[in-house]
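To keep things clear, I will list the structure first and then write my remarks on it.
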Amino acid sequence: MILLAALSLCPKVRGTHPDCSVVLQFQKREAECLERIRSESQTPALPGQGGCPTDWDGVSCWPALPLGQSRAVACPDIMNVFKKSKGLIQRNCTEWGWSLPSPPYHSSCQLETLSSNNDTEAKARHFVTMKVLYTCGYSTSLAALLLAVGIFSCFRKLHCTRNSIHIHFFTSFILRGTAVFIKDGVLFSDESINHCTMSTVTCKAAIAFFQYSVLANFYWLLVEGLYLQTLLLLTFTCDRSYTWGYILMGWGVPMVTVGVWVLTRLHYDDHGCWDDYSSPYWWVIKAPILLAIFVNFLIFLNVTRMLAQKIRCPDLSKTHKQQYMRLTKSTLLLIPLFGVHYVVFALFPEHVGVNARLYFELVLGSYQGFLVALLYCFLNGEVQAEIRRNWGKWQRSMESNVFNLATQDFTA
């Protein structure tokens, strides 16, 4: 009943939740107890030595005990299940084996008050609403990003190093949105399967792909920051030799990191679906993300400082000053782009501020791709001018074709 109550609280919008860690704690305690039982079974018993072997009763592990003796254990210290209680549970070693726990767990150990049906239904509606919101957000972002990539790819005059980096950046957002849909489809497609304990190759591959897309997104955020700083340092000229370095950083670093993480989980922590952020090996993913966040934050401060210095320069012409002002406004708008808002939650444990974190990472984060496409493509003056030029060219071509057809009909 305890496990079922814990499982019923697991939400359906994220792979890891504090309530799921309850199940993982029970599994860990059971695995340790079964390993102890297995090692004791391999050790031959001494003559005349009897009693009750080590036993797992589903909640606690009872060490081996001689016949006729008794043992008492405290209430298990399991988060979100038992309140801190001084109650003891006792079992005796009899001729027929271990006796039943006395008093029973439910009377000796006070359970945390579970949510009422109304609260449970309200939470379910809350998570369903949140899932609808981030599904709409990622769908909108994917549509906008695919259109932006098409625009940059189709118009030849937009082919340059800057827009090439933008395309890679858009692609990382596309991968991230796709990975979210894949993860939801794998983990939550079947309501009869408990995602807190499922462990399949498919779900592990989905989580690995999700982690890669998240890492790639953060590192292309970093590349955009580095590129903007390079533009300012090199007076708005950028050597093409940097492009391959950017590509290796944006795609290569996440690939190596996720590869190391996958090998680590396979060899040392291959349980569940690899979506438990309480695992110490989660730092293999989290540390590079934190590094990218804080380096990008420093770049943002440095870019803002350089722009402020250039704008204050008395020798600067009015035209250049307006150009720098536009860059300053763009930079201030790109605070979410640089991932500065992630700094708020970067150093907090995963179980702190879960609701706020879910809103930032799922709901608001789902529209980040749309914001990027809007700032870098749809509101880009160069892109708008190229679209207007090609639209006018197409209209003139259509008018010319209509005139030629009319002339041919008249002469015929």
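Heads up, the Cβ atoms here are built off N, Cα and C, so glycines get one too.
What you are looking at is a predicted structure, and each value in this text was computed from that prediction instead of being measured.
TrEMBL lists 32-113 with the feature domain 'G-protein coupled receptors family 2 profile 1'. Confidence annotation: the domain 'G-protein coupled receptors family 2 profile 1' (32-113) carries a mean pLDDT of 77 in the model.
Among the features that TrEMBL reports, domain 'G-protein coupled receptors family 2 profile 2' is placed at 130-380.
What TrEMBL records for 1-15 is signal peptide.
Within the chain, the transmembrane segment (132-153) has long-range Cβ neighbours (under 8 A, six or more residues past its boundaries) at 13, 159, 163, 166-167, 170-171, 173-174, 177-178, 180-181, 362-363, 365-370, 372-374, 376-378, 383, 387. Among the features that TrEMBL reports, transmembrane segment is placed at 132-153 (among others).
Proximity of distant same-chain residues to the transmembrane segment (165-182), defined by a Cβ-Cβ separation under 8 Å and at least 6 residues beyond the stretch ends, is recorded for 134-135, 138-139, 141-142, 145-146, 148-149, 152-153, 206, 209-210, 212-214, 216-217, 219-221, 223-224, 227, 243, 246-247, 250-251, 366, 368-369, 372-373, 376-377. For 165-182 (among others), the entry in TrEMBL reads transmembrane segment.
According to TrEMBL, the feature transmembrane segment maps to 218-236 (among others).
Note on the transmembrane segment (243-263): residues 161, 164-165, 168-169, 172, 208, 211-212, 215-216, 219-220, 222-223, 226-227, 281, 284-285, 288 of its chain, located 6 or more positions outside it, place their CB under 8 angstroms from a CB of the stretch. Sequence annotations record features per position, and here TrEMBL assigns transmembrane segment to 243-263 (among others).
Annotation source TrEMBL lists transmembrane segment at 283-303 (among others).
Annotation source TrEMBL lists transmembrane segment at 324-347 (among others).
The annotation transmembrane segment is assigned in TrEMBL to 359-379 (among others).
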When you scan the chain for residues with a C-beta under 8 Å from the transmembrane segment (218-236), skipping those not six or more beyond its ends, what do you find?
162, 165-166, 168-169, 172, 242, 246, 249-251, 253-254, 288-289, 292-293, 295-296, 299-300, 302-303, 306-307, 310, 331, 337-339
